[in-house]
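Q: Sharing a structure below in structure tokens format, with a few things to ask.
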Amino acid sequence: MYFKRYLQLAKPGIIFGNLITLTGGFLLATHREIGFEYLPLFVYVMIGVALMIAAGCVFNNIYDKDIDSSMTRTQNRPLVTGDISVIQATIYGTILLILSCLVLYYLVNLLTLWIIIIGFIVYVGIYTVSKRLTIHATVLGGISGAIPPVAGYTAVVNILDYNALALFLILFFWQIPHSYAIAMLYIDDYKKVKLPMLPIVKGIACTKKIMLFYLALFVVSCALPAVLGSADLFSFIVCMLVALFWMYKSIQSYRTDTDRVFAKTVFKFSIIVITAICLTMG
């Protein structure tokens, strides 16, 4: 029971999703090869980054305890129900943070550690606080969400270059329509706690147009690894096909479907698209 509640506090779904994008960066750096040469490093960076993301999610839960208690989809979180206390959660999050730093420093490299720490700070210190204050919090949160593939890349090459920037842009532009789709689907919950989400402040129509704008930027960014010469033809074709397919389905839904169906369409295909792109990167 308690193990399950502590696991829920770390948001395993978010961890898993971020590890998929990390894999994309790792595969780009190794040209889609994870053999005996790279397998230990791959395991180490996965563990280190997973621990840091888990720590960030724990501290996010602590800060959001008050609004989580008022939203239907978050009312059963461990801190809200009292299964885990704030003190216990703080200790848990701190242990995860320390373990992550140790793994990344000793078993990966210092650059990757610093990159992941930046992601942690942006997520916990900037995004978590700013989402109560500004409609731009989702964009700020996109910075932290775009960090894992960069970390996967630097774990191998130990440098920041244009390929790392390309990975960052792909994930950053992907996250905005993905996140706004979630905001549209749970708009009633966000209204309850008076969070200034874009669909609430600017309206659904404006949000949908912005989602399509970022989707177009995402499609363009998917060509960058190939343009830079780091991704092969197979990766380029897969990336462009799935990105264009997502764009097509979203525009089609925008023209014909209700707002909720549009949000569901964008969200559903966002998961399929980013998984396909990350697992064929290289």
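Using the three backbone atoms N, Cα and C, a Cβ is placed for every residue, glycine included.
Pulled these from Swiss-Prot:
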TRANSMEM  9-29  transmembrane segment
TRANSMEM  39-59  transmembrane segment
TRANSMEM  79-99  transmembrane segment
TRANSMEM  102-122  transmembrane segment
TRANSMEM  139-159  transmembrane segment
TRANSMEM  165-185  transmembrane segment
TRANSMEM  210-230  transmembrane segment
TRANSMEM  231-251  transmembrane segment
TRANSMEM  261-281  transmembrane segment
Q: Let me check one thing: do the transmembrane segment (261-281) and the transmembrane segment (79-99) come into contact, meaning three or more Cβ pairs under 8 Å with sequence separation of at least 6?
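A: Per Cβ check, the transmembrane segment (261-281) does not touch the transmembrane segment (79-99).
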Q: Do the transmembrane segment (79-99) and the transmembrane segment (165-185) come close, with at least three CB pairs under 8 A (pairs 6 or more apart in sequence)?
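A: Judged by the Cβ rule, the two regions do not touch, with the required three close pairs absent.
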Q: Would you mind listing the long-range same-chain contacts of the transmembrane segment (139-159), meaning Cβ under 8 Å and 6+ residues beyond its ends?
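A: Residues 18-19, 21-30, 38, 41-42, 44-45, 49, 53, 56, 108-109, 111-112, 115-116, 118-120, 122-123, 126-127, 130-131, 167-172, 175-176, 179, 278.
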